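Written below as structure tokens is the structure these notes are about.
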Amino acid sequence: MRNLNMFLRLLLWTALAAYRGTPTCDGFNIDAKFPVIKQGKTDGSFFGFSVALHRQTTKGSDTYLLLVGAPKEKANSLPNVNETGAVYACPISEDRTDCTRMDLVTSTNPSEIVEGMWLGVTVTSQRSLKEGRVLACGHRYVKISTGQRRMIGKCFVRSNDLTFDNNDLWQTDSYERCNPADDHKKEGMCNLGISGGITETDVVLGATGSNNWKGNVHLTWRDPNPDNFGNSIQRTIKDDKKNNIYIGYSVLEERKLLSRDHNTVVTGSPRDESKGSVMLGEQIQDKIQIIHTILGEQVGSYFGSSLAATDLNNDDWNDLIIGAPFYFDRNALSGGAVYVFMNENGSFQSTCTMKLTGEAFSGFGTAVAAIGDVNQDGFQDFAVGAPFHGAGRLYIWMGSKTGVSQQPSQIIEGTSVVNGNFQTFGYSINAGMDTDNNGYPDILVGSLDEHVALLRARPVIHLTTDFTAEPKIVDPKNCPAANPCISVKACLSFTLSNGNKDFKKNINIPCEVEADMLYSKKPRVQFQNGVNKFTITLTRPSSSPVCYILKLSVEDHVKDKLEPVVFSLNITLPEHDGNARSIEDLYPIKSPEQKLTQRSEINFQKACGLDNKCTSNLQLSAQFAYDNGTLVPRKKLAQVLQFDKSLKRIKLLVVVTNFDSSGKVAEDAHLAMLNVSIPNAIQYSGVRSDPVQNPDVECRFDVTVMCELGNPLKAKEEVSLQLLFETSGIDLYTTAIEIQLMLSTLSEQSDLRPTVAALQIESIIKPSFYPEDFEEKTKFGGTVKGEYAMHNTSDVGSLLEFSLNVDMHDEPLGDMGTLAVEFDWPFEVSNGKWLLYLTKIVVNGESEMDCIPAGVINPLNLTLSESRPSQARSKRQTDENDMEEKIQLQVVEPQAAITLHPSRKSYVLDCSVGTARCVKFTCPLLNMSRTAKIRVRSRLWNSTMLEDYPNALSVRVKVRATLKLITDKPTIKMDALDLPLTVYIEPEESVEIPYELPLWIIISAAVAGLLLLGIIILIMWKCGFFQRASRREMYEAKAQKAEMKIQPSETEKMIEDY
């Protein structure tokens, strides 16, 4: 049964395992560089499937053997049998192939089938006795009964020397506990020996196939009293459990689990409730009574497939360690789990104290084992195997007062085991026995690769170090190289963690002393003859310390006398003795708490009071100034810099004092330093200081500016310096500059804090705003034309066009603001008549766009015409007007001479004085980067000029444009730029001047007209025009016409009725 499970497990993990490069923990004292490697005889024998450490006692001396199960090993000279499995005993030697086969299956009879019995599936040693026996099992052993083959399994017990003693009842017992006459529903397929153990009185065996694979545990108790040696009791679990739960898959027997005085049987049932369980039972008469059951947490995890028990926290109760190698956490990508259940005075909680998990598909928890106290710290430890993590892994957890930590103390990779050639390292583990007599238990690790490795524990030593430097106060003037006055003394001794005082191996410890290690410059002391390395050899634990002394002198011209001279003793503990390669002799290792570095210090004699400690009182002030030294003005206590690109450099004026103040005495400030942190907006360019007053000031720039102010900066002294900065990094986004200044000194001063010199920035924008031509000239003339008679803009009058340029000499505004041009545009004269009629405004920047203020551009919706109208009338029209003018002059020559030359004057139309009416509108320069051009087109309203200013010599129209900044950023400012523009207007020379008639001519003409009208009326009356014909005559006339067939006229028809 178990071989099928093992094959399936191996197939699954081999297919899915992927090496994950998790770094190996820093190891402690389990050595993988000098392992004892043993190799199987036959490929595919599964040599290493099970392992056990065995102490063989011969004539009072102990020899240690490695017992290795190979359940697929070939048969040993048995007729008609090819494969039985085997158990090998391997000495601790450097020979990899010196294992010998135990003589267990020597003959067969017709009622037995040993072919494929998997002998060696279980191997264990009776460690509780000095001359303990060995137990080996083959769970697939078949017995033929009544013609039926029953796979009942079989186990063997051999004496301490691995031979068969016919007088020993432990060995003569056949250990065939299952009845072959039963079928599989009872004991006919019990698979006895799939797990097992042997104690001082008991042989306990697992039988997973009993009772339809419910499983069982068979325990044979033998009376330890020699007088009653033949007494024995057979016990099994008699509880009515469910089928197919594999009770007995793993089994152990220990005291101090449920009782301090009696053994507790523990068995794993990995298929119980599909999650697995672990049952704890007591021996009562002829049965094992289950007292407590611990259930697993995940379906299919195989909880309980491996077991171990040991006292992890040294409370005199054994704790349980349970493996679940098929556990999987999809979220954490972990595979395999080990559950630690801490014993609570003989009872266990239903939930674990700690759950440890491994890498996905690693098989973490396939094997767990108590390994003893490997570091001899007083607490028991345990190991976990993860055979399918790469080439396999072994995890070591150390016990402690609080139990175990989440992280292992050591991880050993299969690839790190020298000459191991492992692929599934960690498949089986057995430990807890000191095989090399160094007082530290070792670990035997098996695999499915025909290899096993004995990993031995290195002795753990605790070093005691005494490191001193004398004298504590050194006068630098009296310690020359010719007469070194400083003595550095290192004394070492050691003890072993297990308290062994008979350890006789010499330990060579290389040492190195480093002088003035904290001083950043050249060391202020030097070793005599340049020697600072030595080796101390320690021979016995707890003996008197071994010492070594070095001599040193002080360098000439030491400036820094305040900072102590620190010496460091660096100890190196070799991994192994270069001359010792014996497998019996591992080099010690230090405990992880051991510090291999010790320090000591001395001080120079200083003039700082009786306590030899200097207490300074450094104070700092800083403020910004222009390059000429003028301080940057303040607004509300803060300095505010009005910045434009013409300002290339600024200064920071710094004053550092070391004066007495209230309650504080100023002593020398040794190695006084000023650290200046500079923002990216400005760049450090240098420092200025008075070389006479401050000769020791020196500044250097790396990431920050470091200024040495004096060593020492003496009491009642001050240092003034000017730090120079370039402003090339300041832009429109810079709102403030903060420079952090930090004083430091080796003298004692606890109130030193960073000082921030802050400078607020107001960026001043200074663009250029100018026209291509400050004046625009035009003329008016022709005839007056009404507003409704106009259809296109050329009917309005002459074309006027202004071109305004804007140049940004600084960086573009970007998203920080927008420039805009505001116009005061004279669109009407004071009486409301049109003046300058706007037709189009175009802004050219990065692209071209129109500015269209509401109700301002072409409000009459006239058709746009870009051509200028002809200002000269036709020659015929001019000639006709000249002729009429000449006639009028001939008629009234004296008066005409006066009225044809009226007085002509100049006019100014300006909104600011009320002679014109303006409309105010704004054109933002949205598409501007560094330059922009605004072209304004309009028409002079010709009719207004003809009607209101016919006698004008000239008319000047004032236009105003203002460049402004639109922004919501208070740190960006610009003065508005006003730009006055003028339109000069003159009448054409051919303009017709209206003729004014004298009043007497008008009166005479009216009287003459009335007189002439009276004469005409009188004549018409005399001729009878106002007399009507009689009615008779009228009818006679009609009759005569009728006779003449003359038709009446239309007029006659209309008056016939009258």
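Including glycine, each Cβ sits where the backbone N, Cα and C put it.
Worth saying up front: this structure is predicted, and the values here are computed from it rather than measured.
For 457-606, the entry in TrEMBL reads domain 'Integrin alpha first immunoglubulin-like'.
The domain 'Integrin alpha second immunoglobulin-like' annotation in TrEMBL covers 608-760.
Residues or ranges marked as domain 'Integrin alpha third immunoglobulin-like' by TrEMBL: 776-973.
Look at TrEMBL and you will find 33-99 (among others) tagged as repeat 'FG-GAP'. Confidence over the repeat 'FG-GAP' (33-99), given as mean pLDDT on the 0 to 100 scale, stands at 94.
According to DSSP, the secondary structure content of the repeat 'FG-GAP' (289-350) in residues is 0 helix, 32 strand, 30 coil. If you look up TrEMBL, you'll see 289-350 (among others) marked as repeat 'FG-GAP'.
Counted with DSSP, the repeat 'FG-GAP' (351-406) comes out as 0 helix, 27 strand, 29 coil. Sequence annotations record features per position, and here TrEMBL assigns repeat 'FG-GAP' to 351-406 (among others).
Look at TrEMBL and you will find 410-472 (among others) tagged as repeat 'FG-GAP'.
The signal peptide feature in TrEMBL is assigned to 1-27.
The transmembrane segment annotation in TrEMBL covers 997-1021.
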Query - Residue counts (helix, strand, coil, in that order) that DSSP gives for the repeat 'FG-GAP' (33-99) - result: 0 helix, 32 strand, 35 coil
